[in-house]
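What follows is a set of notes on a single structure, which appears directly below.
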Amino acid sequence: MTTEDTLTIAGRSYQSRLLVGTGKYQDFAQTRAALDASGTQIVTVAIRRTNIGQNPDEPSLLDFVPPSQFTLLPNTAGCYSADDAVRTLRLARELLDGHDLVKLEVLGDPQNLFPNMPETLKATRTLVDEGFKVMVYCTDDPIQCRMLEDLGAVAVMPLASLIGSGMGILNPWNLRLIIDQSSVPVLVDAGVGTASDAAIAMELGCDGVLMNTAIAGARDPILMASAMRKAVEGGREAYLAGRVPRKLYSAAPSSPTEGLIAAVK
């Protein structure tokens, strides 16, 4: 893979196509070790759950994951309305000195964490109007993804399966439809369980993959982070290389017979 093959979001290019969350680790030191092993450049942070300066008497994630070394992606995990999500990202912009690249998620159900798309669309419209560059967690509905792009989202992030489920890529066909129609990056968000899931997403043509539980919840998070790095890179290279068509039978022998020396009688 050449250095020219980069992920570009909102005008900024990244060498890594793996985005990693910062929740569920043992401590901030393990978080940093996993991020380093993953090779990620974009790190997502749940503003409602992680201290990035709003609690000055507590350890801050920014001491371990400084904005000078990573692109921070504030997210609205835990928000169930457009209003809550917008307020949360306004706070993030204030805490991060005007940072405007954000990840929007508006949840609809606390049990399955499925996105509430009407509220998501409403929040996207407001945030774009306020100058945010919005990456949006959404369903794998191509129509909804097109609506988000039309509203000004800089990336759409359809779920592969439920958040934290580890179920992998359940509907590759919808993902392909979204990829084929989109002029903004398409990143799988939620549901990745192991390295092969990440590779499949990339082989389908996704521009990137975001994950948290698959790494933080592994028996060895640092080793899994390394595995995910290789899977994303390998899946991307396979997509660029182009797989052979699937066929029930080979159309011709894999070893051609033309030009072979005839057996001596």
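Yeah, the Cβs are placed from backbone N, Cα and C, and that goes for glycine too.
Note that this is a predicted model, so its numbers are computed, not measured.
Listed in sequence order, Thr44, Leu73, Pro74, Asn75, Thr76, Val134, Met135, Val136, Tyr137, Met157 are the same-chain residues at least 6 apart in sequence whose CB falls under 8 Å from the CB of Lys103 (active site, schiff-base intermediate with DXP). The active site, schiff-base intermediate with DXP annotation in Swiss-Prot covers Lys103.
Counting every protein chain shown, the Cβ of Thr213 (1-deoxy-D-xylulose 5-phosphate binding site) has 18 other Cβ atoms within 10 Å. Residues or ranges marked as 1-deoxy-D-xylulose 5-phosphate binding site in Swiss-Prot (evidence: sequence analysis): Gly164, Ala190, Gly191, Asn212, Thr213.
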Gly191 (1-deoxy-D-xylulose 5-phosphate binding site), number of other Cβ atoms within 10 Å: 24
